[in-house]
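Worksheet for the structure shown next.
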Amino acid sequence: MDAARVGVITFPGSLDDRDAARAVRLAGAEPVALWHADHDLQGVDAVVLPGGFSYGDYLRAGAIARFAPLMTELVAAAEAGLPVLGICNGFQVLCETHLLPGALLPNAGLHFVCRDQRLRVENADTAWTSEYREGQELVIPVKNRDGRYTADRETLIELADSGRIVARYLDLNPNGSLDDIAGICNEAGNVVGLMPHPEHAAESLTGPSTDGLGFFTSIVKRLVNA
Amino acid sequence: MSEQRPNASGRTDGPQDTSDEPSLEWLGELKSDADDPELQPVDPSVTQAFEAMLEEEEPAVPPASPPVSGQVPPATGQAPPANGGPVSPELSSEFARALAEEGAIGPSSPTADPTRTTPDLNGSGPFQQPDGSGPVQRSSGPFGMGAQPPLGSGTGPQPAVGTGPQPSVGSGTGPQPAVNSGTAPQPVVGFGTGPQPAVDFGTGPQPPVGSNTGPQPALGSGPHPAATAEGQGTGPQSTIDAEHPLGGPVTGPLPTATPTGPQPTVPPTESQPTATPTGPQPTVTPTGPQPIVTPQGPSTGPLPPLGLRNLPESGPQPAIGGQGSGPIPVVDGPGTGPQPVVGGPGTGPLPGVEGTGPQPALSRGRRIGMGTGPQPSIGHGTDTVAIAAASPERSQPYVELGMNDEEYQRVREILGRRPTSAELAIYSVMWSEHCSYKSSKVHLRQFGEKAPKTDALLVGMGENAGVVDIGQGWAVTFKVESHNHPSYVEPYQGAATGVGGIVRDIMSMGARPIAVMDSLRFGPADAPDTQRVLPGVVAGVGGYGNSLGLPNIGGETVFDECYAQNPLVNALCVGVMKHDEIKRAVAPGPGNRVILFGARTGPDGIGGASVLASATFDDESEQKRPSVQVGDPFMEKLLIECCLELFREDLVVGIQDLGAAGVSCATTELAAAGTGGMHVELDAVPLRDETLRPEEILMSESQERMMAVVEPGKVDRFMEICGRWEIPATVIGSVTDTGRLVMTWRGETIVDIPPGTAADEGPVYQRPYEPPLDLGALQADTPGRLTRPSNGDELRRTVLWLAGSPNLASKTWVTSQYDRYVLGNTVLAMPDNAGVVRIDDESGLGIALSLDGNGRYARLDPYSGAQLALSEAYRNVAATGARPLAVTNCLNFGSPEDPGVMWQFARAVEGLADACQYLGVPVTGGNVSFYNQTGTTPINPTPVIGVLGVHDDVRRRVTMSLTSDGAAIALLGETREEFGGSEWAHVVYGHLGGLPPLVDLPAEVALAGVMVNAIREGLVTAVHDLSDGGLSQTLVEACLRGGLGARITLPGDPFVSLFSESVARAMVAVRPGAEARLAALCEAAGVPVTQIGVAGGDALSVSGRGAEGEPQELFSIPLAELREAHERMLPTYAD
């Protein structure tokens, strides 16, 4: 059968789009470049919203990307079950579109932070984490300026109680994220937002590990089995 | 004594001073000018003036060598001969400073156990230097020196009690001088306290003991045996000291070079110290480009007593006060305008202009200034070519724009009339030091003249950046550039736009930028202003680079008092392309369209290049704030993607970025390099501020703009792609074959010049130079007088102290603010030896880059200093397994008008050119930053050198991390006793003196060969070069990075082995079983190799010769303690 087709949306200001595409390829799927200004998801089987500073993020991270033409199609498709992974800026965009609850504020230290971060997978049942096991520890780069996850108390409790916290930071919380949250998912588990960059932990030559590849192999396996 | 001059001029031999000759023929040789007949650098009148001046000066110029001794009298004083001067006070205060820096106030100051753990009396590791330390020196010392040289405790810098950071022995605390428990490496330790008498010697209470011995010859001196090959000049310091206990050393260092003293060339100007004699740099206008019409001008007119400088007026305005005098040049509002515009200070009535009187100016809305009077307007208030031709006598504010009389006259000669204000704007920025390299050209040409033969260079110097062939059809372009002054004024934007500028340079070669690096220098880490500048600069470099999606793969962060008000921000960008994608900054083909695309033009940094980059900072720097450009990295990111699409479809025939001097620079350079002509409609330039005047548009440094030359048939597609990226693009003109650059503004011609005269034929100066007056004294003040740690405990504390000192401490605080992962090709990044980036996923082809500099070395000997920076970068690149291939440089110096600085510059360039020639790595481009000084105090000369290397397959790269338990650790290269300019002397004593380590290029080549081959053959699992801080720092970094300890046995004098900064050395961890093969490789290359230990454990444990020469464990430091010391420093100060 044909390889799964995973779209990667490029907004003006997207930076890690090529890297996400490379990780998709390494995981065995076919990356499909999607352009923010189109109204066409090209029939992809899943979508990655990559890292970067969409539209410069001068206003608020992800605030403008949310209004990109393609987002209309994406939101509808995600609500209908299309697997979507938002990485870093992509996570911010997903929050701005309300596909995920909460928001991402500037890092507690007010600096951009780039480091090899230890994480623990808290939910291995989402569309993007099934190749991991719950409690598994990973080392994946985190690099962001606005990565401090925030939500109101009820939301945090609900996220924790319903198992929607996908990953938490270990050792050191790099950005002041509440409850050490590194990633969350929606109720259905098809939409995942993640602050660390799994696409940069896909090759041992260029990453601190290959621990991030699992996010991509998870979706590939799911699509192939589907 | 003249024979001692070799010191300064160093180890060089040769023809160093060709440059003495004021011959003007050289000018014609400059590469970019080579084919240009017009570029007879100086016109005859200038030459005559120059000759006349020379004649005049001859007598005044001190004869070459004679003055030597005379000139440096202070030295004598400083280099106390044997029983010489009152060293102690000085030392103790120095020491106190060191303590203060350490923040230690510990009272306790244990005395040294009679120290002398060092059996190596001679101080100079005998093993390395057989007779290294000449006995000669001994004699000069007051002591028999039987024991060790730096007399133990009693000696100098000892921490008088109370002060010492040194921990009371017992409490031996960590590295950092926690208060009471100081850590200083003082040898003292022990009992006695205070300025104790040199115990052993029982020589009275005089603390100075050791030090008293003058320049302590014992140490570093001794004609380094192995050292230098003949030519390299005589031995280092010692020789001198030894021979001339009195004052000898003083004179010594005077370089033969530049004997002739100040021989100003070109600026045929007055040879006498007049106001703005030679210096084209208008010290004047510190405030910015505003053409403040000051009364001081040559003007005469009835100048109204305006509150100069505050004139908020714009446009050629009627003389206020209605004096009816000529048009006041005032022009423009505060902060903005560099435009000179019309008339000079109070000139007379303009002929040609009707009704002379108060000249006109369009009162342009918002800028109403004080100019109230009637404002008749001539045309649009625009100074047209016609007006200029008709009003030859109108005076113009060229001085305020940074031009001197001769330069201005030259423009008039070129044009055959006075320039219009727009033309003056163009010439003033294009002929500024920043754009024309007028003071440095005569020296920089050596990079071309001495360029090694190589096939690797596809595009040489002179273009935006050189292009190097790295094989497999790939080409790489890279360049480093400074943005020092703006970064002091506004750290964030200054640094950010520095990154933006260099990235556009790389794009304009047709390359995709793939990584950036930054070399940063600040004042002392704990200085309040550093805490303002450092975070801003780092955030700016990161903010811009991160937003562009370019990984930052390395660089340096250095602290030194001399950069307190002159931070250095040097940014490097590297880009990659296929051979056939190389683009040039040319505008060929009449009829082709000139398109300006990118951000709109606003009043940003107007005059920034010429003024900000050329004025010395003083109290008025505040007034420059508006001149710093503001960056928009998002726009630049779009520009990158847009350009790559344009390149892919082959839509441009020439392209140029807009940096300093904006449209002026882009149009003149493109036109000059093309068919020679261009017609531009300046009104077409899209503006962010509609009130900008043409002169402002010409000089605006708005960021994120590019200019392309496009064939008419491809314009539509070009626009379509720009539209897709939502980038404004406008056709502003076309290429012609007239040989003239013509610009119109609202229908009138305001510029009509031969573009080459602005772009390539700027003035060229051969500025006078001579060694700084204090150089002799500085070189004579060798670190030999500094007391050294002498037992295991002191060594331990010294290791920790250095590891936690600002320059050697972990820079994670900085690098964690940079994205090193984006683009997914970063194989190595800070803090590894060099940055390594994969170019080709399939083959593994990649590059390595290192950026290094050492201002202290260069201060002591700029010729060597430049070579040492090159050597280090070369070594770093090879330490990853890459073949060094090409060089870029950023030369940061003080004012070229200071002969001492100019000498440093000339020597550094010569040193770099000579070394590049020897190493076979051509200089592909670079940047010069002058005027880095506060008042009359220049920074340490700081050549920052970038070396590019190639990896055939990056998968074979090796890191500096010790990770293989049980692997043998070997030291490659030879360790000599070299502490001049060392981190040890700097950190512990705040001392800078003596001579830097000897340069040994043959040894660098041999070492690089061994490293590259050993890595290729898989013989080593880790490689780390030795540089600042010596073996100690190398071990600290390798252990911490890999998380594995090491058990080391030092081969010679423990102190020298650990802290000497001899060149051409590296540490390697050998793959088990490969020892013999490595040894064979080393032997074949003539590289000494010594096994010094084994990797393993969770501590750095060091053994060596004890006091009696017997082997013993000297100290052991748990990695956790080491890490704490190494990583704590920067966050403490910076956050």
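Using the three backbone atoms N, Cα and C, a Cβ is placed for every residue, glycine included.
Annotated features in TrEMBL:
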- A:Cys88: active site, nucleophile (ACT_SITE)
- A:His197: active site (ACT_SITE)
- A:Glu199: active site (ACT_SITE)
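The subset of active-site residues A:Cys88, A:His197, A:Glu199 lying near chain B, with Cβ atoms under 8 Å apart, consists of A:His197, A:Glu199.
Using a 10 Å Cβ-Cβ cutoff, A:Glu199 (active site) registers 34 neighbours. Distance between Cα atoms for A:His197 (active site) and A:Cys88 (active site, nucleophile): 7 Å, as a whole number. On a Cα basis, A:Cys88 (active site, nucleophile) lies 11 Å away from A:Glu199 (active site). Taking all protein chains in view, 30 other C-beta atoms sit within 10 angstroms of the C-beta of A:His197 (active site). Taking all protein chains in view, 29 other C-beta atoms sit within 10 angstroms of the C-beta of A:Cys88 (active site, nucleophile).
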